[in-house]
Amino acid sequence: MELFLHDRKFLLSQFLILCMIIVVSCRGPVYKPPEIEKLTDHFSRLSVNQSYNVFYGGTNIHMTNNGSSAEIILDKSSGSGLISKEKYYYGFFNAALKLPAHFTSGVVVAFYMSNSDVFPHNHDEIDFELLGHEKRRDWVLQTNLYGNGSVHTGREEKFYLWFDPTLDFHDYTILWNNHHIVFLVDNVPIREVVHNTAISSVYPSKPMSIIVTIWDGSEWATHGGKYPVNYNYAPFITTMKGIELEGCIKQQQNNTNSSSILTPTCSKRSSTSSFDPVDGEGFMKLSSQQMAGLDWARRKHMFYSYCQDTKRYKVLPPECTAK
């Protein structure tokens, strides 16, 4: 009897270990991020209907909670998207997103800035793209940027997230000023692009709209197009709230060429420059705490950087080797 109980306990312990292995392998390693100052606490949160207009797919956009939040939907008929009511030159831009669950291969949720509508041949762009997966939790986060139409040189970096983005809302933030561009997730910096001479010719430099979309990226989004969108799992719903749009607003003027860059009007929040509301000391460079967070995110969660892709680039872009 004692031997039976011992064997039973042994089998139970082995079963629990196997369950833990299965959970980790399916969900990926989960790390706790370091404590970091919450930049999102510096700015007021806006409702979606205050800040955005319909970009496309209006029937697949549902305002909720009296317009403080919104659902953007992808189904077999269409994707959908929202676009900011203003164009901004420099600023701090945030959206809290909750992503679709279950089988989401081929689905792309994008939170990005662009001016391709005004500058089709030399547009700027700063991108967060969340790429669905054939496994429920394994969304991939891709960041990218273009400046002055530099679309032939992709500057992608890809990350696994340290949380399940389908269970709750998480903040995705773009900080863009004359000093650097910083991509942050839940206030943790995951990528910094310093504005130096090596990248100055392709550094985004013109007013942009902020856009949030959900769309079918079957041709490339999941393992290079290996897994397309499966509409048996539709509709795919992303919920959005927690809007922060703090930047220099480009003013529209009559009898002015629409492609010209007009002097923006900025918040008076900035202490060092009336031109840029995020040009103060706390936004010019990362703090030691933020640098530690950046290092943590890149060591533990980044799995691709264009600066390491020597098969793609026989000669790496100049900013990759700049000191």
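Using the three backbone atoms N, Cα and C, a Cβ is placed for every residue, glycine included.
Look at TrEMBL and you will find 1-26 tagged as signal peptide. As annotated by TrEMBL, domain 'GH16' applies to 41-240. Look at TrEMBL and you will find Glu125 tagged as active site, nucleophile. The feature active site, proton donor is assigned by TrEMBL to Glu129. Look at TrEMBL and you will find 256-275 tagged as region 'Disordered'.
If you take the C-beta of the residue listed as 'active site, nucleophile' and look for same-chain residues 6 or more apart in sequence within under 8 angstroms, you find Tyr112, Met113, Ser114, Asn115, Ser116, Asn144, Leu145, Tyr146, Pro204, Met208. Sequence-distant neighbours of Glu129 (active site, proton donor) (same chain, 6+ apart, CB under 8 A from its CB) are Val108, Val109, Ala110, Tyr112, Leu141, Gln142, Thr143, Asn144.
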